[in-house]
Amino acid sequence: MTILFLFLLLFLLMFIGVPIAVSLGLSGALTILLFSPDSVRSLAIKLFETSEHYTLLAIPFFLLSGAFMTTGGVARRLIDFANACVGHIRGGLAIAAVLACMLFAALSGSSPATVAAVGSIAIAGMVRSGYPQAFGAGIVCNAGTLGILIPPSIVMVVYAAATETSVGKLFIAGVVPGLLLGLILMVVIYIVARVKKLPAMPRVSLREWLASARKALWGLLLMVIILGGIYSGAFTPTEAAAVAAVYSAFVALFVYRDMRLSECPKVLLESGKLTIMLMFIIANAMLFAHVLTTEQIPQSIASWVTELGLSPWMFLLVVNIVLLIAGNFMEPSAIILILAPIFFPIAMELGIDPIHLGIIMVVNMEIGLITPPVGLNLFVTSAVTGMPLGATIRAALPWLMILLVFLIIVTYIPAVSLALPNWLGMS
């Protein structure tokens, strides 16, 4: 009865248009008040526990780092470097946009931020060179999802907090899948470009390539600092996020000098707004997850699945279906916090590696970001291009098939996610 009330109330509130965060919090709070022996105080305690979770402290720092990198002109230099590397190939500007998304993803940890930073520059450049606007918008919208797969990743931080999994291992596990997805997108773009006879830029000289690499160096160094620092043990992922924020501010203000000190309050305010919005969603989702845990739903489902005799591949198929459906209607962090505690104990029973499960969930969240009606990347792409939302959806959906094929690869070939952590002795 309790669980039926919880989920029916959640779906009812979402159906009548109540914001997702409020729906999660309200359904969880009413369930506790009406059916649980817990006191009203537990509501406040659970909500405030979010703000003191050490792992989640990485989120505002990564958001701040991405804000400084975007405002400070790092994205433009990364795009110039990507164009210098692959622009001479047929379809090179589109391939360069994917490469730029991969590079910026390694700095920001956010898919919408990656789309906004790269799309605002790369799509306009493609249109000027004769590419259809819809082609460029579809590519950047999909490639921008790499922002939560290539480390650092805010969604990975949330999964780690929900399941008590190592953030460092998740970051390392995301490297190979992120590079593989980027490579697959590039190959498909090249094939399409050959068929459609899309233009190529003149090959740059070695001097020009070195000049673009030198300008992008300070941005590229941040990737080495984050991953190198975590793997070497110099600092934890949360400390790495703080280092990234300070480093990004230093580069934007004193190295590239694309920002003035007077612009810092605006950057801090914008990243603060994003942090508050995301943490409000996370706090309410954690309250909802608390109700699930109190009612022992994950344990009950795990026992039921074990009794059914589901094989690991069948369970992972169910996981993907549930996550793909949820991704159409909910924000990634909320999905992770609600469903990860349910799937996690079942995966442990079936011998599925928690890191592998985490990467599968992240890839599903990538797909959710580009599927209507609430795919955030679609709205960001529409905003930076000026295209109607319907046209943006039509531009992005053909590329969605690539992500679905990639999801199958990641799901049923665990080595894609686990090979690098195992090789580095992090298993």
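The backbone N, Cα and C atoms fix where each Cβ goes, glycine too.
As annotated by Swiss-Prot, transmembrane segment applies to 2-22, 55-75, 91-111, 115-135, 138-158, 171-191, 237-257, 274-294, 310-330, 335-355, 359-379, 396-416 (among others), with the evidence given as sequence analysis.
Scored by C-beta pairs under 8 angstroms, the transmembrane segment (55-75) has its highest count with 274-294, from the stretches 2-22, 115-135, 274-294, 359-379. Cβ atoms under 8 Å from those of the transmembrane segment (2-22) belong to residues 28, 30-31, 34-36, 280-281, 284-285, 288, 291-292, 295, 297, 329-331, 334 of the same chain, restricted to positions at least 6 beyond its ends.
The stretch in closest packing with the transmembrane segment (310-330), judged by the count of Cβ pairs under 8 Å and taken from 115-135, 138-158, 171-191, 274-294, 396-416, is 396-416. Residues 66, 69-70, 75-76, 78-79, 83, 93-94, 96-97, 100-101, 104, 108, 141, 143-144, 147, 198-199, 201, 377, 380-381, 383-385, 387, 391, 394-395 of the same chain lie 6 or more positions beyond the ends of the transmembrane segment (115-135) yet place their CB under 8 Å from a CB of it.
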